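Colleague: I grabbed these lines from Swiss-Prot:
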- ASN121, ASP160, ASN173, PHE207, ARG404: ATP binding site (BINDING)
- SER172: phosphoserine (MOD_RES)
- THR176: phosphothreonine (MOD_RES)
- SER196: phosphoserine (MOD_RES)
- LYS264: N6-acetyllysine (MOD_RES)
- LYS326: N6-acetyllysine (MOD_RES)
- LYS334: N6-acetyllysine (MOD_RES)
- LYS426: N6-acetyllysine (MOD_RES)
- LYS433: N6-acetyllysine (MOD_RES)
- LYS468: N6-acetyllysine (MOD_RES)
- THR496: phosphothreonine (MOD_RES)
- SER570: phosphoserine (MOD_RES)
- 1-60: transit peptide (TRANSIT)
Amino acid sequence: MARELRALLLWGRGLQSALRAPALAGVRRGKPVLHLQKTTVHFRDPTQSLASGISAGQLYSTQAAEDKKEEALHSIISNTEAVQGSVSKHEFQAETKKLLDIVARSLYSEKEVFIRELISNASDALEKLRHKRVCEGQVLPEMEIHLQTDAEKGTITIQDTGIGMTKEELVSNLGTIARSGSKAFLEALQHQAETSSRIIGQFGVGFYSAFMVADKVEVYSRPAAPESPGYQWLSDGSGVFEIAEASGVRPGTKIIIHLKSDCKDFANESRVQDVVTKYSNFVSFPLYLNGRRINTLQAIWMMDPKDISEFQHEEFYRYIAQAYDKPRFILHYKTDAPLNIRSIFYVPEMKPSMFDVSRELGSSVALYSRKVLIQTKATDILPKWLRFVRGVVDSEDIPLNLSRELLQESALIRKLRDVLQQRLIKFFIDQSKKDAEKYAKFFEDYGLFMREGIVTTAEQDIKEDIAKLLRYESSALPAGQLTSLSDYASRMQAGTRNIYYLCAPNRHLAEHSPYYEAMKQKQTEVLFCYEQFDELTLLHLREFDKKKLISVETDIVVDHYKEEKFEDTSPAGERLSEKETEELMAWMRNALGSRVTNVKVTFRLDTHPAMVTVLEMGAARHFLRMQQLAKTQEERAQLLQPTLEINPRHTLIKKLNQLREREPELAQLLVDQIYENAMIAAGLVDDPRAMVGRLNDLLVKALERH
C-alpha cells in the first residue's frame, strides 16, 4: 500500500487539471477505484480504502469492503417506445440550420460539454417534478438520471424520471433555441421563487449542444401526470423536426443521440464517465452509467459548516487542489446578500514554489452554478493576487451567456469578485488575531502575493484593505515580533501624520543604518522592511488610513528642504569649526566632482561619518535595479543627483580635513571611500567589487606608517 501511494504521489505531480485530481468517484467489485484523469489505480487489499463509509450521502463514499458481491446493475433505459399514429413536421421558428450550426460548432469550445448540458437539463426536470409533487402533497417517485452507451450502434442515451413534456411543450421548448424552459417555469412560480430558484438554467440551449456530436437526436417524453400520452421528437438539425405520439414511454424524458462518425468515442463508457466525473459529480440526484451509480461525491459547500468534519475538508481539498498536504486555513462562506454565494476556500499548508509565485495563471478556484461545473479555473471571480487560494464558488446569480463556458464580464461578476476578496481579507485578519504565530508563518510563505496585490491594484481603498494583511518588525518592538500598519497607527502620538519605514536586508543593518540613526533624535517608531519588494509595495501604497507612508530616507531630504535646524550640543573641541567645515565641504565638492550634487553638514549622525540623500530614494533604487545594463558612476550621479551629508564630529571627517593639505593623495582615496561607503549604506551600489583596488591602496598607505 505504501509503495503504491508513493508511486501515485510521484505520478500525481504531473497532473494538469485541478478538477481531475484524486477523487474516489466509483467502485467496482468491492474495490475503491481512484480516478486520475483517464488512469485508474486499484488497491490490492480492498480493506485499505482512502475513504470510509458506504452511503451515497457521505463524501467519497465507497462500497463496503466486506461486500464481496458485485452490486446489482440498476437501469431504467429500455427499448419499449414505438411510434403510433401520424407524424407531424415542423420548422424551427426563426432558428435555421445556420443558427443550429453556430450553436453546435461555435458556441462551445469542447464537444464533451453536451453531456454536462443534458445532465443539467435532466436535473432541471427532476427539480421541477419534486417542487410540483411537494406542493401538491404527493409521494415522490424515484428521482434518477440514467446514461447508457452503445458502441455497436454508436449511440449515447440519457433518461430522467422528471416532469416530462407534453406535445405543445416539445414544440415550444425544443423548437426555439433561445427559449428557456426553466425560465418560463420560474416565471409561472414567481410567488415561490425561493424554492424554485434551484432549477438549473436554460433547457433549450443546453439541449441543442447535442447537435455538436449528433447526426440525429430522438427525444421521448411523457408528462408525469397520470394517463398522459407520450411523444417522440426527432430531428437531424437541418431546420426541421418531427413529432409523433408514441407508446411505451416512461414518465420523464429520454434522449437518444446518434453520434457522428468522428464522435464515436462518446459511445465509450470510460469516456463518458470521465466527463461526468469532471463536470457533474455534484448533481443532487443519483446518476447512473450503464446501470452503475457514478456520482458519489457530495457538494460539501452546500452543507452546514457544523456538519463537515475535518477529514471531509482534507479529502475535498485534496480533490479540488490535486494536492497531498492539508489545508492550513479553511473558510466556508455562505451568504444570500448582496449575492447568493456558497463557497469553500482553502490555503495550502505547503509553501508555494517559485513557479506558483511567478506563474501567469489566474484563479485556482472552480466555479459552479447549482452544483454543476461552469469553469475549472474561474479567472474572473477572484483577483489574481489571490491565486494561491484553492476552493469552490457556487452562485445562482452568476450571469451566463448561451454557453455556460462563456461568462460575461459584467457588473455582477465584478461585484462577486469584490465580495469574495473582502471576505477573504477579513478572514485573514481574523486569523491573525486568533493565532498570531500561525498567521506570521502564513505571511512569511504567502506575503509576496499580498505585496503583488497592492502593486497591481488601481483602487486605493482596495490597496489599503490588502495592506491590513502586511506585517513588519518595528523599532518599538523586540526583534522577531511583528506588527501591522493598523497597530502602528494606533500607537502614533496625537498630531502625527506619517508612518515611517526603513528598507534593509535585516534588523542589524536597519538598526545600524545612518538613516535610522538620523531618526533617533525624533524618537519616532520606524517599521523595518526586509523583503526585496517591500519598498516597491509601500511606494505604490502611498498612504494608509489617511496617513502618509514615508521612508526615513525621504524624510531626511524633506527636512532639509524645510530647513529644519538640529542643534549640535557637542563641545567645540570635538568637532570641526564652522570655518573648517565650510572649507572641507568645498574641497570635497571639488574632489568628488560630478558624483555629487552637493556636500552638506548634518548633526543627525553620531556613529557614521556621512550619508547620501536622494529625493525619492526608494523609487530611484528600484529604477536602478530594473536597468538591464550597468551604469557608470557618472550616469548614476546624473540620475540620482545625490547629496553627501557629513558629520563634522566623526574622527574620519576630522582626519580627512587634516590630510587634504598634508597628504592630498591619501585624502583623495579616503574621500572616495567615504562616498562609496555612504552609497553602499543607501543601497545604491549593486556591485561593490570596483572599490577593492582602492581599499587595497588604503591598507598599503596605513601599513607604510608602521
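Glycine residues also receive a Cβ, built from the backbone N, Cα and C atoms like all the rest.
Quick caveat, the model's predicted, so the values are computed rather than measured.
Map the listed features onto the structure and describe their local environment.
Modeller: If you draw a 10 Å sphere around the CB of ASN121 (ATP binding site), it holds 29 other CB atoms from the protein chains shown.
Other Cβ atoms within 10 Å of the Cβ of SER172 (phosphoserine), summed over all protein chains shown, number 16.
Within 10 Å of the C-beta atom of LYS264 (N6-acetyllysine) sit 15 other C-beta atoms, taking all shown protein chains into account.
Classification of LYS326 (N6-acetyllysine) by DSSP places it in coil, neither helical nor stranded.
In three-state terms derived from DSSP, LYS334 (N6-acetyllysine) belongs to an extended strand segment. The Cβ of LYS334 (N6-acetyllysine) lies under 8 Å from the Cβ of PRO305, ILE341, ARG342, SER343, each of which sits 6+ residues away along the same chain.
Note on LYS426 (N6-acetyllysine): other Cβ atoms within 10 Å of its Cβ, all shown chains, come to 14.
Neighbours of LYS433 (N6-acetyllysine), defined as other CB atoms within 10 A of its CB across all chains, total 8. Under the DSSP three-state reduction, LYS433 (N6-acetyllysine) is assigned to helix.
Under 8 Å, Cβ to Cβ, and six or more positions away along its own chain, LYS468 (N6-acetyllysine) finds ILE425, ILE429, SER484, LEU485, SER486.
DSSP assigns THR496 (phosphothreonine) to coil in the three-state reduction, outside any helix or strand. Counting only same-chain residues at least 6 apart in sequence, those with a Cβ under 8 Å from the Cβ of THR496 (phosphothreonine) are THR524, LYS547.
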Colleague: Looking only at ASP160, ASN173, PHE207, which of these binding-site residues has the biggest number of Cβ atoms within 10 Å around its Cβ?
Modeller: ASP160
Colleague: Sort the modified residues SER172, LYS264, LYS326, LYS426, LYS433 by C-alpha distance from ASP160 (ATP binding site) and give me just the closest.
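Modeller: The answer is SER172.
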Colleague: Sorry to bug you, but what's the C-alpha spacing from LYS426 (N6-acetyllysine) to LYS433 (N6-acetyllysine), rounded to the closest Å?
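Modeller: For LYS433 (N6-acetyllysine) versus LYS426 (N6-acetyllysine), the Cα atoms are 11 Å apart.
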Colleague: Measuring Cα to Cα, how far is SER172 (phosphoserine) from PHE207 (ATP binding site) in Å?
Modeller: 13
Colleague: In DSSP terms, helix, strand or coil for LYS468 (N6-acetyllysine)?
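Modeller: Assignment for LYS468 (N6-acetyllysine) reads coil.
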Colleague: Determine, to the nearest whole angstrom, how far the Cα atom of ASN173 (ATP binding site) is from the Cα atom of LYS264 (N6-acetyllysine).
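Modeller: That separation, Cα to Cα, works out to 27 Å.
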Colleague: Tell me, how many other CB atoms lie within 10 A of the CB of LYS326 (N6-acetyllysine), whichever protein chain they belong to?
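Modeller: Taking all protein chains shown, LYS326 (N6-acetyllysine) has 15 Cβ neighbours within 10 Å.
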